[in-house]
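Novice: Mind looking over this structure? Questions follow.
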Amino acid sequence: TMKNRRNGTLEGSKILYSSISRSTDVSDSDSDLVNFIREHFKKRECVFFTRDAKSMDHLCKCGYSKSQHIEGTQVNNSEKWNYRKHTKELPTDAFGDIQFENLGKRGKYIRLSCDTDSEMLYDLMTQHWHLKTPNLVISVTGGAKNFALKPRMRKIFSRLIYIAQSKGAWIFTGGTHYGLMKYIGEVVRDNTISRSSEENVVAIGIAAWGMISNRESLIRSGDAEGYYAAHYIMDDLKRDPLYCLDNNHTHLLLVDNGTHGHPTVEAKLRTQLEKYISERVIPDSNYGGKIPIVCFTQGGGKETLKAINVAIKSKIPCIVVEGSGQIADVIASLVEAEGILASSSVKERLLRYLPHTVSRLTEEDTESWIRWIKEIIENPHLLTVIKIEEAGDEIVSNAISFALYKAFGTNEQDKDNWNGQLQLLLEWNQLELASDEIFTNDRHWESADLQDVMFIALIKDRPKFVRLFLENGLNLRKFLSHEVLTELFANNFSSLVFKNLQIAKNSYNDALLTFVWRMVEDFRRSIKKENKNSKDETEIQLLDESSITRHPLQALFIWAVLQNKKELSKVIWEQTRGCTLAALGASKLLKSLAKVKNDINAAGESEELANEYETRAVELFSECYSSDEELAEQLLTYPCEAWGGSNCLELAVEAKDQQFIAQPGVQNFLSKQWYGEISRDTKNWKILLCLFLFPLIGCGFISFRKKPVERSKKLLLYYASFFTSPFVVFSWNVIFYIVFLLLFAYVLLMDFQREPTLLELILYVLVFILFCDEVRQWYMNGNKYFLDPWNIMDTLGIFYFIAGIIFRLHSSNESSWYSGRVIFCLDYIIFTLRLIHIFTVSRNLGPKIIMLQRMLLRVKFPLYRGLVWGPSPTKVLKDGSHLKTWLYRVAEDPNLAMFGQYPDDIDGTTYNFDRCTFSGNESKPLCVELDANNQPRFPEWITIPLVCIYMLSTNILLVNLLVAMFGYTVGSVQENNDQVWKFQRYFLVQEYGSRLTIPFPFVIFAYIYMVLKKCFQCCCEKQCKEPSICCSKNEDNETLAWEAVMKENYLVKTNSKANDSSEEMVHRFRQLDVKLNDLKGLLKEIANKLK
């Protein structure tokens, strides 16, 4: 079962690719670590002084003087010195943290015997030094002497460190601040400037203890217990055969065999450690259960040659940089040689690339070199050569992946492990190798064989591999079980995306966002319920049979879209059913998330991807509509539970995809909805004429789309089709609304008596019918009702009318009766402005209404600016004892000044006391404060500058800014005039298409019937209706199958256009190349003539 498989291979893949450390979490105290190291790690001390006859200083064969030996050292005069016989293992005395003076660098180090067990050393690094288990080990060798590193070689090493950082690899080097190791350390330093990335690069230096300068500072003091930090001084200017440790390595293994000044002591331990790591079985590894090791070589001499030879014998692949010089060039030149490799050819290459070194070799040493090289060349599958002049960003990663693949594929144990090879190529994103070497015609793949690698490809966002797996037999629907979807949404879903999704859901209260959020939340919660009681298992089973599990491809598509996986989501989109709906749903989700993202770049990427999916939806629907109009129109209204039960039109409108709504296919569908059964070829004036002359309907004056078969039902069907048309309903409403306004105006002007007259009572009834219609709309649309400003205006007009009735019915009170009339007059203005809505049906006037709405929103700032300025001079000028007058002046003065009326009471010379009052009343404003001489007290030097500043900022800056904003608004709407009108037209069609097909005001009878029916249903037992399941009808399946065919046609055309454009570019480049060659020939001819 999938659950068991998930606990096995899939779980291993999850752990490997979720960036969780695979190292053992052991928290050792310092004292425990000290005890562990002293128990298991040793140093070597020479205990037999064997005098070196070649030494002038009477040194031992080990390199130390007699005084430097430990107590109890014996003298050896007979035997040849050997470290196994003449040295003794003692507990190591050099380990801890190493602090490089004046550099601030810190790392870990240990002095250990050359015979240390590799398993124990590996445990020290992973369990006690807490290094993560490596995904890869890169062993760098070559060039132990100081040399000038070529710029291209530095670029290669920089890429090598980047690979190690991104793949979680360990890097093995010699660890000294000399030659190649020094440059490796510098590149590590340059690539780990930030503290966060420094933890990801593990550079392990393995050096000989006897070759380290200033090593005495690394020895722990006698009283040092627990944590110890050695302070190491790097002395680059010191002239001796010893080397300084490199300060850029993170860990240093100092190999001791009891000698001093003897190089290459560490080679044996390094080889054993590499071999142990390569043979170690790691269940979670992506390389056949093992940790891959690759040897990277540049330049080098004898020791480099021996290192390559040992690596090849250990089945470790090697990468050789051609052009780096010395032994690397020798091997690179021989790899490409054909035929049997002769010793003379090898020697010729040695003399060519290492003339000085070979000339000093004895005949026996030369033969050894030739033998080693032959042993290397005999294993070409373990050798990969890269040229230094071709070093690019991808050359190193391609070389490493190719080397690992060749070594993996030729290994006797793993050559038939195709799944392991495929995982390796997937890890390194080598699509060409996978398609050419693994997915060949002689191998058949089952869907189950590709499920694990498919899961990894989804996690690592490898869209090309996903497409490759789909092309080679993977059944995506079978693969996407509930367990896999739960794994994706629970453990491989960005928490930031989930937070933004929750914010968007709470901000916009949108049905689709709520549905998607609940789906993600269900998947995230279900992972916590798997191992609980039976009740929870029942809940999981119900979730497994829920609507989203019937559409796993849509769920996977939503997972990719929410995380902005651009190319991956496109590959999945091509596999989904209902792809037009899916594209519009993706556009809706991405636009909603873009509004709540704090990162501007991420929001821009979401907007860009949303626009791409809108374009795809437009182009695909155009392809469908050009093939079959009827089926294409069915796609527009096809709802799917995977998208919250929404259809294409609803999602396009919610996402404000104007381009989709404005295309001809959608507009033709809306026209059919608008005219109903009336033919669209019928002129509008004919329809309006039939509203008043009913008999013309049955006389053939109006043409209909469907012709009835029975003549007896012809007349009845024509009348029913005519009066149920949304356009006819709209026309009736407009006519009766105009009649309502005329009646309203007549009552206010001519028939507003103390007691309501018959016409006024009729007016009340009409407003009540309007109120019932608004209640119906609110009941149908819920909270979305108030998102439409026209609905808000309707509600405001009705409540004003109710308030007017309340005041008007108090006819005994003259003031109340008059107030009611005033409120009615204001309400009439609102009802009259509401009439503007009918002009949205006009292609020319509709966009102008949008312009007015947007302009009104932009007027707020200048008005606010005037109110901010108003209190300052007003308070200075006026007494302010009467609040009502003061508030009136605050609003009046700045706005009159904005329209050009200069205030004439700014200074004392023009102030007219006859136009104000000291007591304050309704007819005159309040006078300014006076001083003892009955002169205005306000300081002129304050008020006049304030007025000048206000006039400058308002009449010049703000007014011109407002004009510019209006111009921009008009330009932006006018630029997409037709598209804006077509988009707004949808709302009008939707509004009247959802209304009862009974003209106003007779619709009141339908409302009464609906209320009675609802009350009757509430009294009876409720019948639970089973929710309809999409794709359960044959019609839906046929429509979706046809859409899938159209999608394939669309993708073929899109790919052919891309190929044609690329071929055209190639053709143009060829033409340009021919012209350049002609020009070159012409220049040569001119140069020859000049000579």
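Each Cβ is built from the backbone N, Cα and C atoms, and glycine gets one as well.
According to TrEMBL:
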{"type": "DOMAIN", "residues": "108-363", "note": "domain 'TRPM SLOG'"}
{"type": "DOMAIN", "residues": "437-663", "note": "domain 'TRPM-like'"}
{"type": "TRANSMEM", "residues": "685-704", "note": "transmembrane segment"}
{"type": "TRANSMEM", "residues": "716-749", "note": "transmembrane segment"}
{"type": "DOMAIN", "residues": "735-855", "note": "domain 'Ion transport'"}
{"type": "TRANSMEM", "residues": "761-779", "note": "transmembrane segment"}
{"type": "TRANSMEM", "residues": "791-809", "note": "transmembrane segment"}
{"type": "TRANSMEM", "residues": "821-841", "note": "transmembrane segment"}
{"type": "TRANSMEM", "residues": "947-972", "note": "transmembrane segment"}
{"type": "TRANSMEM", "residues": "992-1012", "note": "transmembrane segment"}
Novice: Relative to the transmembrane segment (821-841), which of 716-749, 791-809, 947-972, 992-1012 accounts for the most Cβ pairs at distances under 8 Å?
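Specialist: Maximum Cβ contact count belongs to 791-809.
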Novice: Between the stretches 685-704, 716-749, 992-1012, which wins on the count of C-beta pairs under 8 angstroms to the transmembrane segment (761-779)?
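Specialist: By the under-8 Å Cβ criterion, the transmembrane segment (761-779) pairs most with 992-1012.
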Novice: Under 8 Å between C-beta atoms and at least six residues away from its ends: which parts of the chain pack against the transmembrane segment (992-1012)?
Specialist: 673-674, 723-730, 732-733, 736-737, 765-766, 768-769, 772-773, 776, 780
Novice: Express the predicted model's confidence over the domain 'TRPM SLOG' (108-363) as a mean pLDDT, rounded to an integer.
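Specialist: That stretch averages a pLDDT of 85.
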Novice: DSSP says what for the domain 'Ion transport' (735-855): how many helix, strand, coil residues?
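Specialist: Its residues fall into 104 helix, 0 strand, 17 coil.
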